[in-house]
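**Q** Have a look at this one.
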Amino acid sequence: MNLFIIKTGAGILLFFLLLGLLYSSVWQPCRVIDPVEQGQMLPADRQPPGLPMPGAAPGRSDVQTLTPWLAPVVWEGTFDPVVLDSIYQAKNITIAATVFAQGKYIRFLKKFLETMEQHFFTGFNVHVFVYTDQPIEVPQVKMASGRQLTVKTVPTVNRWQDISASRMVLVLALIEDELHDYADFIFCLDVDSQFHGRWGTESLGDLVSVLHPGYYKVDRSAFPYERRPISKAYMAPGDGDFYYCGGAFGGLLQEVHRLTKTCSTNFGDDAKKGIEAAWQEESHINRYLWINKPSKVLSPEYLWQDFKPREPELHIIRFSGVVKNYAEIRPNV
Ligand SMILES: CC(=O)N[C@H]1[C@@H](OP(=O)(O)OP(=O)(O)OC[C@H]2O[C@@H](n3ccc(=O)[nH]c3=O)[C@H](O)[C@@H]2O)O[C@H](CO)[C@H](O)[C@@H]1O
Ligand SMILES: [Mn+2]
């Protein structure tokens with residue numbers, strides 16, 4: 001009888017001992033200790049929220065957000081700007097941007113630069129390079145600290161196709177001669193456009209391109225690729241992933257160096273044969289990006305066109321081409 005009581009007592013003791021052990025080793029470490037509750041932090045000092053729940057990512061189900069080669073397609077609602085900015089702030093990066101304003105296109109520069117100041121990588125080191133044949137017409141736009149502008153004077157060119165295409169050669173030279181030792185990323189942008197919303201760290205990647213607003217919902221057979229096999233921008237029927245814009249692309253310096261080198265060489269090779277691709281350098285960019293897949297694709301939020309009615313999937317327009325009268329503004333038709 002005594003033995004029975006001792007055994008039962010020992011059993012009960014062991015049970016509570018194990019329960020205690022379980023509490024201190026499993027339950028206690030899992031408890032989230034709130035520093036605000038503990039009086040160690042003021043509620044106002046809480047970090048801004050990151051992801052809504054550990055492991056849960058924000059997302060969109062109404063648009064394509066991943067390419068077949070697993071590059072993100074950036075739409076509003078697919079990223080957290082606070083998380084992204086904090087990652088790149090810590091790296092102290094510099095972003096270069098090029099914009100060409102030749103002939104009558106100089107009139108677009110003021111709005112482009114003013115809106116760029118408000119929306120393009122605010123809070124980061126930005127160096128804008130303006131290429132123009134009228135340096136004295138470049139408007140003075142007040143820039144925040146860490147941001148600067150350099151004017152590059154280029155000769156007047158009388159064919160818009162040549163102006164548009166010459167950008168490849170000049171961007172290549174800029175990367176080789178001036179940028180390689182201090183800029184991290186570069187974006188090349190059309191001047192006949194304005195910023196309306198954030199264009200920031202979510203757009204950074206090795207090789208970045210923008211879906212053309214006119215072709216992101218059409219079958220690839222309708223893409224205006226260069227279709228003549230004799231051109232180095234040639235795309236065979238069935239080739240191609242997306243149709244990308246010539247008016248905005250970018251990425252790491254070394255990646256944009258490769259793109260501009262290949263595209264300018266191919267453009268030159270075509271010229272020697274007397275051919276100009278259907279959409280000049282845009283056609284060569286599209287060929288390049290078919291062979292060398294972009295690591296990040298930006299949605300048409302990143303280059304819309306003001307004349308187009310807004311589509312329901314566009315929750316924000318970040319950058320958009322202004323309406324212009326081609327016949328009046330271009331040096332030739
Ligand atoms: C939104 C978009 O993807 N636009 C592309 C599209 O037409 P776009 O109609 O947008 O071409 P565009 O007339 O804007 O020319 C492209 C750019 O070249 C510069 N420029 C042009 C003419 C001129 O007289 N002065 C001048 O400075 C300027 O920076 C302009 O933004 O197809 C072009 C093909 O050649 C380019 O690929 C453009 O980037
Ligand atoms: Mn344009």
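Including glycine, each Cβ sits where the backbone N, Cα and C put it.
Straight from TrEMBL, here's the annotation block:
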{"type": "ACT_SITE", "residues": "Glu282", "note": "active site, nucleophile"}
{"type": "BINDING", "residues": "Tyr105, Asp190, Val191, Asp192", "note": "UDP-N-acetyl-alpha-D-galactosamine binding site"}
{"type": "BINDING", "residues": "Asp190, Asp192", "note": "Mn(2+) binding site"}
**Q** Please give me the CB contact count at 10 A for the residue listed as 'active site, nucleophile', counting all chains in the structure.
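**A** There are 24 of them.
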**Q** Determine the recorded positions, out of Tyr105, Asp190, Asp192, Glu282, lying near ligand 2 in the sense that the CB is under 6 Å from one of its atoms, and give them in sequence order.
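**A** Once distances to ligand 2 are taken from each Cβ, Asp190, Asp192 fall under 6 Å.
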**Q** Please report the Cα separation of Tyr105 (UDP-N-acetyl-alpha-D-galactosamine binding site) and Glu282 (active site, nucleophile) in Å, rounded to an integer.
**A** 19
**Q** Just checking a number: largest C-alpha distance across Tyr105, Asp190, Val191, Asp192 for the UDP-N-acetyl-alpha-D-galactosamine site, rounded to a whole Å.
**A** 10
**Q** Give the three-state DSSP assignment (helix, strand or coil) for Val191 (UDP-N-acetyl-alpha-D-galactosamine binding site).
**A** coil
**Q** Please report the Cα separation of Asp192 (UDP-N-acetyl-alpha-D-galactosamine binding site) and Glu282 (active site, nucleophile) in Å, rounded to an integer.
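**A** That comes out at 16 Å between the alpha carbons.
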**Q** Can you tell me how far the Cα of the residue listed as 'active site, nucleophile' sits from the Cα of Asp190 (UDP-N-acetyl-alpha-D-galactosamine binding site), in Å?
**A** 12
